[in-house]
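K.L.:
Before we start, here is the structure in question, set down as structure tokens.
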Amino acid sequence: MTAGLSVGAPLLIAENAFPTHRGIASSIYNCGWYIGAIVAAWATFGTRNMEGDVSWQIPSGLMALLPLMTVPALLMMDESPRWLVSKDRADEARANLARTHCGGDVNHPLVSFEMVEIEETLKAEKEANETTSWADLWATPGNRHRLWICASLGIFAQWSGNGVVSYYLAIILESVGITSVTDQTLISACLQIWNLIWSVAAAVCVDKVGRKALFMSSGIIMLVSYIIVTGLSGSFDATKHGPTGLAVVPFLFICFLGYDLALTPLVISYPVEIWPYQLRARGLATCQMVSLAAIFFNTFINPIALDAIQWKYYFVFVVILVAMLFSAWFTYPETRGRTLETIAWLFDKEQANVGIVLAEDKLEGTEMHIEDPSPEESHNEKGARV
């Protein structure tokens, strides 16, 4: 229940991040999941031979330490400038942007541009909708498009086969002849390190490669590797040939490589950036609710299916991965290189409530540089007008 309260964290990251770093900052957020997974997996590996309750108490206790470490940081976080503007606290919002984007210079052109853009966009959104509700998520064609993305992404994040591997890895390994507890926990622990490396690498490259390219690469790699895993599992089931079963392991790692390219970093950051401010929290919450519903399904159905039809159950995820590729290609627009406000044009076209045009008009002739957030350089270098 308390984990649900953290839905505001990625919103805060995206709305506070420097414009050219928003994609990386919000994408790397979800990669932190693997830090906890690494601690849990290696603690489980280290306590695997201990007798009594201590074998699970130590890993569980270590899990409580990580959230406690974040408490001091909560006291130092800046509030979202968009939230401050929405509460008529523009001076605080300007000071926030200056401190985090321009080394404290409240009169810097970039701060002025961002303030006008935020103020005018929120004003336009408020004029268009005096109040907002959950029904607004499907009230317009643009919002229905966004809602489809959030719902489908929540499903793909849990039904692309990762749920089976993550939660029932021991059953999968046993089905291909790897029955040693030591081997199973070691493979699980190494898999978490592998996941962290690739998810962070993808998050860092999100603005260079683009969201759509990551989604497509992710789907293709998972689809191919899952087909191979299905074939090898079926072959081992028929022949009980040891090397065939062992060959499944590297392809499980490759499958998770594909998952980490998009579904780890973008399952949070992509829904955050496609919704307008007034609906951003509800949009992300919808994606999370669909994802949790899919996890609920997995919890009850996956073990039954694995026990009943074993490796043949993998064909279900092959079909879902094909659906993911079609959805990403045809319905997931590229958002690279856009601010949170201008992304609205991709969905709402002429109906978008975007303040950037007025911001440009008000700041006509102003020079600014947003490629490098260094406070020292932001005062000295000149760049193209945004």
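Heads up, residue numbers simply count up from 1 along the chain you see.
Glycine residues also receive a Cβ, built from the backbone N, Cα and C atoms like all the rest.
Unlike curated records, TrEMBL annotations are generated automatically.
Per TrEMBL, domain 'Major facilitator superfamily (MFS) profile' is recorded for 1-336. Feature annotation from TrEMBL assigns transmembrane segment to 27-45, 57-77, 147-173, 185-206, 213-236, 248-272, 284-301, 313-332.
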K.L.:
In terms of Cβ proximity under 8 Å, which residues at least six beyond the ends of the transmembrane segment (147-173) contact it?
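P.N.:
Counting only partners 6 or more residues beyond its ends, the transmembrane segment (147-173) has Cβ contacts under 8 Å with 137-138, 179, 183-184, 187-188, 191, 222, 226, 233, 248-249, 252, 255-256, 259, 263, 266-267, 270-271, 274, 283-284, 286-291, 293-295, 298-299, 302-303, 306, 313-314, 317, 320-321, 323-324, 327, 331-332.
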K.L.:
Which residues, given as numbers and ranges, are at least 6 beyond the ends of the transmembrane segment (213-236) yet have a Cβ under 8 Å from it?
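P.N.:
Sequence-remote neighbours of the transmembrane segment (213-236) are 160-161, 172, 175-177, 202, 205-206, 244-245, 247-248, 251-252, 254-255, 257-263, 265-266, 310-312, 314-315, 317-318, 321-322, 324-325, 328-329, 332.
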K.L.:
Considering only the recorded stretches 27-45, 248-272, 313-332, state which has the highest number of Cβ pairs under 8 Å to the transmembrane segment (284-301).
P.N.:
248-272
K.L.:
Residues sitting near the transmembrane segment (27-45): Cβ under 8 Å, six or more positions beyond its termini, same chain?
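P.N.:
Those are 9-10, 13, 58-59, 62-63, 66, 182, 185-186, 188-189, 191-193, 195-196, 199-200, 202-204, 206, 264-269, in sequence order.
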K.L.:
Which residues of the same chain, at least 6 past either end of the transmembrane segment (185-206), have a Cβ under 8 Å from a Cβ in it?
P.N.:
23-24, 27-28, 30-31, 34-35, 37-38, 40-42, 44-45, 48, 169, 173, 178, 214, 249, 252-253, 256-257, 259-262, 264-266, 269, 336
K.L.:
Can you give me the average pLDDT across the domain 'Major facilitator superfamily (MFS) profile' (1-336), rounded to a whole number?
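P.N.:
When the pLDDT values over the domain 'Major facilitator superfamily (MFS) profile' (1-336) are averaged, the result is 88.
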